[in-house]
Every structure is written in structure tokens, then in C-alpha cells.
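As written in TrEMBL, here are the features:
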type	residues	note
DOMAIN	42-127	domain 'Quinolinate phosphoribosyl transferase N-terminal'
BINDING	ARG117, THR148, ARG149, LYS150, ARG172, LYS182, GLU215, ASP242, SER274, GLY275, ASN276, SER295, GLY296, ALA297	substrate binding site
DOMAIN	129-310	domain 'Quinolinate phosphoribosyl transferase C-terminal'
Amino acid sequence: MSAIATKNAVESFVVKPPAHPTYDLKGVIQLALSEDAGDIGDVTCKATIPIDMESEAHFLAKEDGIVAGIALAEMIFAEVDPSLKMEWSINDGDKVHKGLKFGKVQGKAHSIVIAERVVLNFMQRMSGIATLTKAMADAAHPATILETRKTAPGLRLVDKWAVLIGGGKNHRMGLFDMVMIKDNHISAAGGVSKALNSVDQYLEQNKLQMGVEVETRTIAEVHEVLEYASQTKTSLTRIMLDNMVVPLSNGDIEVSMLEEAVDLINGRFETEASGNVTLETVHKIGQTGVTYISSGALTHSVKALDISLKIDTELALEVGRRTKRA
């Protein structure tokens, strides 16, 4: 498969990146390559690898997980050298096991080595996010797992793309595509009802249609939201139930407050549980009846999946077995 980084290539992705009105994915790739190359390029490659030398390198998984970033890797290789060719035995979102060779890139060795670290930096991070997302999404069922805006600066779209690849859904992309009334908005507006009313007026005056979510932290605030919605035509679509999951000293969680809130709302609005969400707690939270569970940890505390790209794969496997990483 040739590496072709064009807009048309996006249409062939197994999982397409989320939409964003201003995000320049090609620009992000160019920036990553530029910060690596500096002003004179890869001096080690220039010194050790003949410019016309042809080779192939294999992608090697060094631990079990979900691979993400294959489509992005193709775009990066194409940016470095459009003549490079790739073959994959898997797709984005597929499982890999430790020691598996799951893809290869062929062409000028110089180009492969220059692109190597940038490709792996993106792929390892995305695969780490996808791996955790898959585990969380499976455990959260029947609730749907979401990430948050707690992404690496400059990598918002890439991080959220990895969540989709892992089987999660995207929360709002940024400040522009959804109204999300949080604690600071509520405090500044003078209360939950006033904040909701201000949002409803703003959307109507500006002829805007988008999802509206309000954060609640107590049962009293849930009651206030429902009271407001019963008396006023509102654009509200979702109620966040924040920190209604209470951690216990024995490592378990108490979800009775969350269950009470979900029962009160009774399907009138989507619900979203937030706070104290971990791989260990998400299953119990998902059984409360909430629509969504959001977790910042999917992107802000990601553990990269260990992947390498090696020209000499046999030596790499030998070293990997010695260090228990293959």
C-alpha cells in the first residue's frame, strides 16, 4: 500500500479522524518532523546511511494492546518520502500481541529512519489511548465511554481519533461545538437556573442549534435543572452528574447518589457520569443507567503502547526476549 497523504486518503481510513473546523493535521505532522530535523536534518543518517540505499523495516509489538495510528503513520511516511510503500497485516483498532510483526515499510533506508521516531511517537501514544479506551468501553457497557478536553496541547484531534479507534465516542471537540455549563459558569451566572436561562436566550438570539449540557454536583441541583426544564422551553440535552460516585476506604465505590439522580431524570435528558472513573470502577458506574461516562484519564494519563520499527527484526526479537519485551 503506497503512502499517499491527501484529503482523499481520509475517505479510505478504517476509522476517520473527527471533524474540526481549523485543525491542520498535515501541519501537525510537518511540525513534528521539523522539530526533529532542526535546521540541518538527521546528521547521523547523513553520516551512516547512503542516500540511495534501499531497505525494509518491520513494525514490532512489544506488548499486547490495540493498535492505532496506522493511517497517520502512512501520512507521515508520505510527508518524508512519497515513494515509500507500506504493507499491514492488521487495521487500526485491531489487537496485537507481544512479539507480533504487524506491518512493514519499504524504500530508501534514509527516509525510513528519518520518519521512524515521529511515526512511533504518534503511534505509541494513539495505541496507548486506544488500548485503555477499549478496556473502558467494554467494562462500561451499556453506558458509552467518552474522553474529555484533557488532551495534549496541539494533539486534540489525534488523541480523540485514538479514542474512536479504541471503540469510544467523542465528547465535544472544543469550546465551539457544544454548550457545556460547568461549575465556574454556574457560579459566575448566579446559579444553575440563571446559567441555563442565559444559554437559552443566547442560542435563540444568535439562531444557534447545538447540544447543551449542564453540570450538577448535588441532588438539589438536579432538582433545580428539572424544575427549570419543566417550566421553560430549553435547549438542554444532557445533564452531567459530577462526582456522584463516592470512593470507599476498601477500594470500592458507592453509586447510590448517582442512581438516585438517574432515576430522577428518568430518561428526560441524556446523563453523563464524571469523576472517580477508573478501569476498576467504570463497570459499576455503567450499571447505574447513565447514558455516558466521561474519563479524562483516557488522554491525560496515557501509557504508550510499546512498539518498535526495526530493519533487523531478528536481532530486535532476540533483544526483546532477553528483556521480556517480545
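Placed from the backbone N, Cα and C atoms, the Cβ positions cover glycine too.
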> If you skip the near sequence neighbours and keep only those at least six away, which residues in the chain come within under 8 angstroms of ASN276 (substrate binding site), Cβ to Cβ?
Replying inline: ASN243, VAL245, VAL246, PRO247, ILE253
>> Let me check the 10 A CB neighbour count of GLY296 (substrate binding site). How many other CB atoms are there?
In response: 17
> Going along the chain, which residues six or more apart from SER274 (substrate binding site) have their CB under 8 A from its CB?
Replying inline: GLU215, MET240, LEU241, ASP242, ASN243, ILE293, SER294
> Non-local Cβ contacts of ARG172 (substrate binding site) (under 8 Å, 6 or more apart, same chain)?
Replying inline: ARG149, MET178, MET180, GLY211
> Near ARG117 (substrate binding site), which residues of its chain come within a Cβ-Cβ distance under 8 Å, counting only those 6 or more away in sequence?
Replying inline: ASP36
> Taking the Cβ of ARG149 (substrate binding site) as centre, how many other Cβ atoms lie within 10 Å?
Replying inline: 16
> Per the record, substrate is bound by ARG117, THR148, ARG149, LYS150, ARG172, LYS182, GLU215, ASP242, SER274, GLY275, ASN276, SER295, GLY296, ALA297: how many Å separate the farthest pair of Cα atoms?
Replying inline: 41
> When the pLDDT values for the domain 'Quinolinate phosphoribosyl transferase C-terminal' (129-310) are averaged, what is the result?
Replying inline: 97
>> Please list the DSSP helix, strand and coil residue counts for the domain 'Quinolinate phosphoribosyl transferase N-terminal' (42-127).
In response: 36 helix, 24 strand, 26 coil
>> Neighbour count, 10 Å Cβ-Cβ cut-off, for GLU215 (substrate binding site): what number do you get?
In response: 23
